[in-house]
Structures are given as structure tokens and as C-alpha cells.
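Participant: Quick one: the structure is below, questions incoming.
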Amino acid sequence: MEKFIDSPMVKSLCNITNVMYNKGWDERNGGNISWIIDDDKVAPFLDGFTGNTRNIALPFTVEALAQRYLLVTGTGKYFKNIKADPQDTLGLIQIAADGKSYDILWGFVNGAHATSELPTHLMNHIQRLAVDENHRVIMHCHATHTIAMTFAHELDEKALTKTLWKMCTECLVVFPDGIGVIPWVVPGTEEIGQLTAEKMTYCRSVLWPFHGVFGAGQDLDETFGLIETIEKAAEVYTYVQAQGGTKQEISDEQLSALAQGFNVEPKAGYLEVGVK
Ligand code: 2HA
Ligand code: ZN
């Protein structure tokens, strides 16, 4: 497995975590990513692999992900350091056949293991795979303006989604499914995982108030792009508020025309079109 460090997967994860760090979204050990890697992408690196690994127990059974490979960020590791030292900060894990533990096949060379949010990630991978077989990535970070908005804006999902849709024209096209919002919960718990996974039945992004954002997607770029677009809209919202608030806005009719033009389906019941 030594050559896995040169794989396109490790390179992509190094690059994206570096971009996220430079955006200020991952101070200290903030943020975590897990990426389901298809078997055919791991197979070339398994040649001569002895099966000599560390095994880590999971707090609950994840049979739905049995034997799947995931490339994950490590607990306590800093996004700042991933690019310079991927084999310390990242790990390729494989969920055991009984779903009760995982093996570390590559990485975490200094004794670390997967992110403290792994249980939450696994629950959400299972949920997203149930609605989209091409789902692969879970990404969490502390996007600054998005966190700020959870103090300044009401935490109603519909109201918050619509505010963001109206901050930049293309938001509706990027997240027509809207944004989920859960109550404040202690991070790293099964509770935060379950509450987030309930939202992930119908949307790919969930806000954790006063903490950050949790996103899902089919690949790293798409998931990053989703969070980047939410954060951009939240940044515009910050400036609009600082400049004294909204004097004019994109109407629901205009959002509806946008959805038709881009062939996306806005979350049902969110747009009031033709309502007097
Ligand atoms: O990885 O961001 O939510 C540290 C965190 C926990
Ligand atoms: Zn966090």
C-alpha cells in the first residue's frame, strides 16, 4: 500500500483540504472529510498487501457499508498540515465484513485514527447512498459566514434556504433541494449523526448552528462546490446586512423562471408562485 500516497485520490484530498484551510474554514483540527473509494480504484494498490493493519471498533454496526473503502481525515489532525504530510493526517480504511469495526490499510502512520465525526459520516453515507447510488463524499467544515448567519438569521429551514437562494442567482441551481438545519448538538455524538442523517433523506447540506456546515455529494469537487456556494451566499448576506438590509430582491417568480431555465426542481412548497 506504500504507493497509495501517490494515488490521484490522496492528491485530490490534499489539494481540496489545502484550499479549504486557505479559505479559513478549518482552523486548528476543525473539519473532516470521508470519501468512499470504489474497489477498482484501490485494487491496483493492494498488490502484495499482507493484510497487516490496525483494527478500530465502531460504536455501532454499519453493515450497509461492509467492506467499503473510505479515505478519511484523521482525528485531531489539522487541515493545514495535510498537504505536507498526508500519511500522518489521512488514512485509507476498510469497514469490516460484519460492519462492527474498520481496518486502517494505509496512513495514520503516527497512531491516529479516523475523524471523531466518523460515526456521523457513516450514518450519512448510508442515508445518501439510499437516495443516490452515486453518492461518495461527506465533507464538514467551519465556513465562517455560514456560521455567522446561524446567529443572525432565524433557523427555520425554509426561511434560511430562501434567503440564501436570493443572495446569488445561481444558488437555486446548485442546491434546489434546500438546506437542512438541526438544533445545536454536541459534536461527535450519535445524536448529531442521526439528526443530520434525517435531513439527508431530502437534502445534501445541513447547517449545524454556531458550528459549521455538513455537505454530501458524488465527488470532492461537487461537495466542495456546494459548500462554497452556500458560504458565498452567506457572505453576501453578511454584506447586505452590514449595508443596511435588503431594498430589492430576486422574486419567487424569478426563482421559478430560473429553475425552469436550468431544469432543476426547487424543494416543493418553497416558492410562492401565482399566490396572491
Ligand atoms: O474535526 O470539526 O466537528 C473536528 C470537528 C468536529
Ligand atoms: Zn466541526
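The chain as shown is numbered from 1 upward.
Cβ atoms here come from the backbone N, Cα and C positions, even for glycine.
Heads up, TrEMBL stuff is auto-annotated, nobody curated it.
TrEMBL lists these features:
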type	residues	note
ACT_SITE	GLU117	active site
BINDING	HIS140, HIS142, HIS211	Zn(2+) binding site
DOMAIN	11-238	domain 'Class II aldolase/adducin N-terminal'
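Tell me what's around each of these sites.
Facilitator: The Cβ of GLU117 (active site) has 25 neighbouring Cβ atoms from other residues within 10 Å, across all protein chains displayed. DSSP gives GLU117 (active site) a coil state; it is part of no helix or strand.
Annotation note: HIS140 (Zn(2+) binding site) sits in a strand segment as assigned by DSSP. Around HIS140 (Zn(2+) binding site), the same-chain residues six or more apart in sequence whose CB sits under 8 Å from its CB are GLY31, ASN32, ILE33, GLU117, THR120, HIS121, GLY212, VAL213, PHE214, GLY215, listed in sequence order.
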Participant: Identify all same-chain residues not among HIS140, HIS142, HIS211 whose C-beta atom falls within 8 angstroms of the centroid of the Zn(2+) site's C-beta atoms; report them in sequence order.
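Facilitator: Leaving out the recorded residues gives GLY30, GLY31, CYS141, ALA143, ILE147, PRO187, TRP208, GLY212, VAL213, PHE214.
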